[in-house]
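Features reported for this protein in Swiss-Prot:
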REGION    1-21  region 'Disordered'
TOPO_DOM  1-412  topological domain 'Cytoplasmic'
MOD_RES   76  phosphoserine
MOD_RES   176  phosphoserine
MOD_RES   180  phosphothreonine
MOD_RES   183  phosphothreonine
MOD_RES   391  phosphoserine
TRANSMEM  413-433  transmembrane segment
TOPO_DOM  434-656  topological domain 'Lumenal'
CARBOHYD  584  N-linked glycosylation site
TRANSMEM  657-677  transmembrane segment
TOPO_DOM  678-692  topological domain 'Cytoplasmic'
TRANSMEM  693-713  transmembrane segment
TRANSMEM  716-736  transmembrane segment
TOPO_DOM  737-747  topological domain 'Cytoplasmic'
TRANSMEM  748-768  transmembrane segment
TOPO_DOM  769-773  topological domain 'Lumenal'
TRANSMEM  774-794  transmembrane segment
TOPO_DOM  795-804  topological domain 'Cytoplasmic'
TRANSMEM  805-825  transmembrane segment
TOPO_DOM  826-856  topological domain 'Lumenal'
């Protein structure tokens, strides 16, 4: 038996490469304690090296004593809420979540704001067995066996190539130089401790072909006149040997695939020697040998030099003498000659200084992924991945980010849809920067044609007019509160209407409600009560106000004027008569005439005018066929649209503060917002998540619109201007939080400042509100400091973060409350505020928003 072992050992030594010299230590009797450096490696399968092709050694795992079950108390609801709140704000004591966020934040800062400080990279470049060189261009020196502690000897792994066991130094650039990997004792860790090792990504067993694919291949072979068996053999034999892991049903972790051919016990050597010829080598068929003889020009890949880019792309370590490296596609199978492997990795540009980076730094900038298909629903249904996943599918999963920009995509879809519907329904206003005038001859209320002019502001965004945008939900103060000036304007118009009467033309051509000055004394009769004999009685006395064309309390049935519900003396408080008892012959001149004018709401300030339908349509007004007086209609309700007011006299559409965030002035305006969202907003949402970004986006936009409604109350504004500046404030906060680790923070600061100043100057154009920009930016700063968890530098910084969250939340709530008080209780009228948001380069460049400027 011992002779057989010696034969197997000598046979195995003959198979060893001639350039590999190893000194195997003598067997040491088992000690009471394990060596300190082998304590982490509890499994014997970890004690294998990769000096020979891997095999699955049947080594029994050491016996583990059964652990006692540790009973733990279930966390209370208060502790769960407290821990969840701390995690959400980024001040949790959980080191894993904190390190995860720090890795994402530093990676985002390095990509957006530039290079990090050298000392930051030096601090991150810790001496670890996981460190790796990205270039992999260093060739180790010849094998050397030196002394080691604990009676063991060190083994130099020739295949490590500077991948592992890098030590930190104090160079100027913060990068460390690789050292020769030293494997303690018989455990060669260089091949599986590095993240660049090929055993991190073991090749998977090829899937079985479908019936359709095999049928198609068979038909193609018959058409070409080839044998189906030959094609199958050529496709199947592309490796010098099949890895033993392919024969197993379940894929195990990479340390179990390491070989112990040179360093394991004698029993293991005998077992591996007996199974080595059967499981490793495959004898090529005669057809394959004939194909190889026919193509002698094909280069053998065994022992060839690998290009550096190819090595880094495939993440495969260099093969052994009898390796299983895949040949080029289409290459025939050839016997593998026993030649010495080349230890160089070819690089076109050669090794360059400063191109190596350690694994902790690589993990720092590695994108944290959310497992595809294993989200919240996957956790509830106990969903898991299968044991073997195709490499292409796995690569797609690894390319996905941790946070998906759901809010960005939803917002972009809503913006695009609303803009398309608005343009299709309301059309496109005249394009330009000035005012557009339209002149036409229109039939007026007096029964004659007159030349009238309609003026409207041009829209250079290629979109609807301002009246249409207000009707859709734009920010407009008179629709959100009872504006004092608009309300006084409406009350003055009602007072004039109170003293009006029906003007009946003498030729019986028509009548219209008007004042005495507008009624011709020679061509018409002004039927004014109580002077005119047709005046009705009220409580035994003649009515003092009236008459009203086509409305009289004596002939109206619904609503009827009966005691105790008699119509009041003031005609501006009369209701609309929906049913009349008499026809066209009442012997009352104001009732038997043909009415030529009814109320029409024109403009955006609640102006009502008794006029003809033709004139109302020409002025893009809202004509009321059912009413006879302007006091019977509520023009602000018509102008604002959306949901009717609870009290027709008091506008209450406060929801315009956030509804206008989803509207745009035109197609170009929407394209600008989409570009911003798909670049800046999506990137930040991938970093912070949709919930934080949605809170900052909406609250910043609401605050910006509220400030704009205070200082520019009569200007219709749409678009997420305040929200976008709030998102820009997030970038500033991120820069301030990462100031200590950036190499050139001032450069990044001035770049962001230049972008903000450019957008602020862009807000001097019409239809863009700088007050929303400023308020949205300030509120975005407060919200970003409160809701975005960023890097903490020590325990003191963690406590500072907690105080910062409370302070900035209180400051933001104070800012919002102050703006609400100013808007509803202490209205502000600012004369010069318009120049801050629109500079009048010409007389008609900026639209006049004063109430006395009747543009419509």
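In case you wondered, yes, glycine gets a Cβ from its N, Cα and C as well.
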Leading contact stretch, 413-433, 657-677, 693-713, 716-736, 748-768 vs the transmembrane segment (805-825) - CB distance under 8 Å: 693-713
Taking the transmembrane segment (413-433) as reference, the highest number of CB pairs under 8 angstroms among 657-677, 716-736, 748-768 goes to 657-677
DSSP-assigned states of the topological domain 'Cytoplasmic' (737-747) in counts, ordered helix, strand, coil: 4 helix, 1 strand, 6 coil
Once the chains shown are all counted, how many other Cβ atoms turn up within 10 Å of the Cβ of residue 76 (phosphoserine)? 9
Across the topological domain 'Cytoplasmic' (1-412), what does the pLDDT come to on average, as a whole number? 52
Using DSSP three-state counts, the residues of the topological domain 'Lumenal' (769-773) come to 4 helix, 0 strand, 1 coil
Counting only residues at least 6 beyond its ends, the same-chain positions whose CB falls under 8 A of a CB in the topological domain 'Lumenal' (769-773) are 701, 704-705, 707-708, 710-712, 715, 717, 721-722, 725, 759-760, 763, 833, 836-837
Can you break down the topological domain 'Cytoplasmic' (678-692) into helix, strand and coil residue counts using DSSP? 14 helix, 0 strand, 1 coil
